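Annotated features, as they stand in TrEMBL:
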| type | residues | note |
| --- | --- | --- |
| DNA_BIND | 120-220 | DNA-binding region |
| DOMAIN | 3-114 | domain 'Response regulatory' |
| DOMAIN | 120-220 | domain 'OmpR/PhoB-type' |
| MOD_RES | 52 | 4-aspartylphosphate |
């Protein structure tokens, strides 16, 4: 049975998310403070963590920073504030949902996070590409590519998710830190500039692929 750590404000969850997930085959471990949460994170083999952003005794943001595991975290929040959502994602949350929670949508997002964690890592690719977070330089065997900070972060984000299609909405939020507007072409411009720089260094522009109607993916 898949273990889910549910860190909530009180143990009488009004939306009954824990009970509904339990009915779907998950084993729900419920705590209502950051101290107990950290203990559970160290002792349980977790599928995911559900985090209520109103947890007392320790700010939820700091809990994201303090966590020791690589377990995916989904934030459950009352607010649909763009600033709060961006802060949560920057501090390590993998997803963000606002109440009332649709249990089917939550389950689908848990499945996506599970597949992401299970995706095989190509060690050959990881060994042949190096990243310098200070100079925003990417090394490819005998070549190097200097990018702007935004281009570098976009490339690295896609690289870390190699084999997956990452939506424009996710890249816009996680890397550019703002919502994707209907006529916003800022993201496309950064991707285009990165591809042009790849070509200039005799590197394949197809490292970053466009998946029509969905987003971008990294392939090597």
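Quick reminder: no glycine exception, Cβ is built from N, Cα and C everywhere.
Since this is a predicted model, take the numbers as computed values, not measurements.
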Within the DNA-binding region (120-220), residues counted as helix, strand or coil by DSSP: 43 helix, 22 strand, 36 coil
Cβ packing number for residue 52 (4-aspartylphosphate), 10 Å threshold: 20
Within the predicted model, mean pLDDT of the domain 'OmpR/PhoB-type' (120-220): 84
